[in-house]
Each structure stands twice: as C-alpha cells, then as structure tokens.
Amino acid sequence: MVSWQSLGLTEFHEELRTFSLIVEAWDWDNHTRNNNDDDLLIVRGSRTGMMNPGDSWQTFPIEGTAAHVSYRIRVRCDENYYGNKCNKLCVPRDDYFGHYRCEPSGAQVCLDGWMGPDCKTAICKQGCNLLHGSCGVPGECKCNYGWQGQFCDECVLYPGCVHGTCTLPWQCSCERNWGGLLCDKDLNYCGRHQPCVNGGTCMNTEPDEYYCACPQGYSGKTCQIVEHACVSDPCANGATCHEVLTGFECHCPPGWSGPTCANVNGADVMADLQDPYLVSVHLIADPDHAGFLQHATDTVLSWIHPDLQLFRVSERAHRSKKRAQNSSAQPALAVILFLQESYGGEQHVLSLHRALQRPPWRFHHTEKVSNGKRMLPLTPCSQDFFTLTPGTPLWAVRQVHYGKEIVRFTIYCRHQNYGHMVRLYKLLLHKRPAQKKEDFCFFVVFSNADLEIQLSLKRLHKGSVPAALDSALLEVRVRDVGALVPLLPHTCRPISDLRWQTQDYDGNKILLQVQG
C-alpha cells in the first residue's frame, strides 16, 4: 500500500473526512529522455472526495493517451481508535481497571463474568444473596460477617443457641416450648418427658420444672408413692380394687378386661361411648339474670328434646359495663337448630319462630341491619336470627325436609387460623371431622335415631375478624388435661380441681371440664 503522501495526497481533512489527491505516472528509467521532464510524464489524474475510515478499498481509474492506470484508496484509524472521525479511543484490557474488548464501533463489551460501566464488577454465583454476600471474581459468593451458607442467605446464630432460630445475625429466637437466653430451657417438660405416674396431672411451672397433681392415694414428686391407690376408685364397671406395692389392681367382673376393666372382649369401648354433653355452652349473666337466661335457652331446646340441657348459666359478681354493639361484626359463635317438619309440620317451625320473637329474645332481619346492606353475610340463616343479651351467641332456625333434627354449634374462624382451629378441636373432641372442606367442617358430637349434635367451623373471608363473645364460653369435656396442656396454643389455668380455662387461636374462651 502506498501512503497518501507518496501518492501526492495534497490535503486531507479529518473532521470533514474529505481529501484531494493527485496521481502521476513517470517514465524515470528512460535513457533517451531529454532535459524536459514533462516528456517523461505518462499519465496524470486528480481526485477530490469524502471517505469514512474502514477496511474496504475504493478503486479509481485514470485514462491517459499513452496508458490506463487504476488505483485504490482506503482510510484506516490508528490502533485503538474507532469511529467515523477516528476520535473514539478504546483499549481492550483484562486487569484491575477493567475486563472488556472493543467492538468495531469502539464500544466496550464486557468479558464473560463481568459487568458495570467499566466492566470492573464481577458477576457473583447464581443465587448469591447480594445483600449479605459479594464476590471479587466471577462465580464467587463470599459472605458478609454474620452470614453463612452456599448463597449467604443463612444468618449465624448466637453462639451456644440450642433450640432457636434467627432472621438476623446473632439472634436466638426460641422454638415453641423452649426458653432461656440460649433456648436450652424446656418449657414443655410435661409433654416431652411425661414424668407423672399413676394418673398424676403434670403442669409446667418454670423452665425445666414441673408439678404433678396426684390423685387421691398417691404422693411424691412424680406421684410415685402409693398411699391408698384405691381411694380414687380407678376401677370401672363394678370391678374390685386391690392395693399392691406398685399401685392397684382391678379384679374385673365377667365380660370386662383391661387395667381398669374398661374393655369388652379386648376392645376399648371408651372411643365409642357417646356423650351428648361433650360440647355445651356456658353463659355468664349479670346478677339476678341467670334464671331467665337459663329458662330461655332450656325452653328453646325443649322443642327438640325435653331433657336437652346444652346451656349452663352462671352469674357475675358485679354487673357488666355497657358495651357498644357493632352490628357489622360477625360473632364468633352461633347456635343453629335444624327442625324436621315431619315432627310437627310447618306449624312446628313457625311456632318456634314466634316464641323467639318475644322477650327476652331479640329478633333481627339481616336485610334490615344497616340500610338494606347484609352486614352479617355469614349469619347461619339468610333471613332471620335471634339474640339474647350482648356477648352471647346468635341463634337461627332452619327447616329440614328429611333426616334427623340437629343442634349445631358453629364457630366462625379467621381465614388464616382455620387449619389450626380444625386441628385444635380435633384434639379436644378426640374425633375426626365428619365432613371437611376448604372453608367448612363439622364434627358429630352425639347422634342417635332422632337427634344429632354437631360442632362446626366456618372459615371467614380474608380480612374478616370474628367478634369473640365476652359472655359465653364453649365447654368441652376432656379426660386428661395434663396431656393437652403442652399442645394448646394458649395458657391453660385451673379454675377448680376439674375445670380449666384456655383460649383457641382466635381468642375464644374454652372451658375444659375433666370427666370424673
């Protein structure tokens, strides 16, 4: 290639990319030449134009009288310069100051594993938590202080933490039933170790400490000392109790077997025994109001069965303060009566409706609660419901065309607590749901040929909060409070020797009545 100077390029303007070029061909080795140099000129041509830098050649011809000449021209930028004006500098590098190559346009292109304006930032390992980790070279994930794991997404526990977790470094948030600075103190010693023997009821008192409430005839730290084991009458079905060194023995009558003579032909019948009062409601009335509340509930239930007493009323020591009624709140508990029309015809149901519309009952029509709006969309009866005093359950009546008459206690649950509530009442009732759906389930508490008592759970919509009743408690009969205590979501406190009070996940009060 001949430089533009040797070709006689007289002028090149970089900014405008224009040029002027004169090309001459001479006969320099002609020995017959005379002193006139013009006689040695073979051909001459000139060119003025504009050209962008690049690798492509442009060819131009010169037509002379004695010869035909063609020549090529191209403009190339100096090394590491790019652009139409060769004024864009890009020097490829792979060092501390950058990791990139240069495109033909002069743009920097990062090498694999690097990013950023100067390609100085390494791309960390895929999945690396960049809030808690970083990298100096591609594919690395180096954790910040207090974080660990393959992706630096695991916090470092407080040193010595045993049964705890963390969301930030150096935390030790105790798991359920563990306490202490290092979460090494057992808060559920009873449930984990079951230290009480001979029917003793275990109660967790302090971390790693417990107390055994011994039945009559037993004493000691774990009720291991036998004093008079037969005093508590542990043998069932007419069996005879005999005290022995290890406690007692039951001599069973014919047809019964087992440690306490509760088995028939080797089968435990306790699971099949039905108790119509397994679930009931305890109402709390103001002074001098218990009598008429008890009469009102018993009268309504007598329409189903004359001896059905599922409500027990007791009085407060002092009159309760006036409470503002929120008509738009969904009460947590309702009582629904399903009446069979064949047991008295349609007149049977209408008569009960009329009775519920007289004092002390209050009659409500859901479509008239607030300017025509249905403020209680989940009220059991879409038309009518009834109440007694504030803080007590809703009542509703439905007519059924076939099947048994039903008394159903319905608990309305927060949306997020529904699953927990189902498991809790399954534990308390020692029963499985007869029917379970995503937003509704019910347990059959008692059933015979004519009557069924149910406990149902209804899941509210997201954001809906049931109003806990301050004048009503659900009462459940249980066999062993000690075994239930570590499994309950809230503290269980004794009211008497056989009665304990706790709460479910929504804050509804539950009275646990120990079966004697």
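A Cβ is built for glycine as well, from the same backbone N, Cα and C atoms used for every other residue.
TrEMBL annotations:
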- 75-119: domain 'DSL' (DOMAIN)
- Cys77-Cys86: disulfide bond (DISULFID)
- Cys90-Cys102: disulfide bond (DISULFID)
- Cys110-Cys119: disulfide bond (DISULFID)
- 186-224: domain 'EGF-like' (DOMAIN)
- Cys214-Cys223: disulfide bond (DISULFID)
- 226-262: domain 'EGF-like' (DOMAIN)
- Cys252-Cys261: disulfide bond (DISULFID)
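With respect to their backbone Cα atoms, Cys214 (disulfide bond) and Cys261 (disulfide bond) stand 21 Å from each other. Proximity to Cys102 (disulfide bond), judged by a C-alpha distance within 10 Å, picks out Cys110 from the disulfide-bonded residues Cys77, Cys86, Cys110, Cys119, Cys252. Put simply, Cys261 is the one of the disulfide-bonded residues Cys90, Cys119, Cys252, Cys261 whose Cα lies nearest to the Cα of Cys223 (disulfide bond). This prediction places the mean pLDDT of the domain 'EGF-like' (226-262) at 75. Measuring Cα to Cα from Cys77 (disulfide bond), none of the disulfide-bonded residues Cys90, Cys110, Cys119, Cys252, Cys261 fall within 10 Å.
Cα of Cys110 (disulfide bond) to Cα of Cys90 (disulfide bond): a span of 13 Å. Of all the disulfide-bonded residues in the record (Cys86, Cys90, Cys252, Cys261), the one with the smallest CA separation from Cys119 (disulfide bond) is Cys90. Note on Cys214 (disulfide bond): other Cβ atoms within 10 Å of its Cβ, all shown chains, come to 22. In the three-state DSSP reading, Cys223 (disulfide bond) counts as coil.
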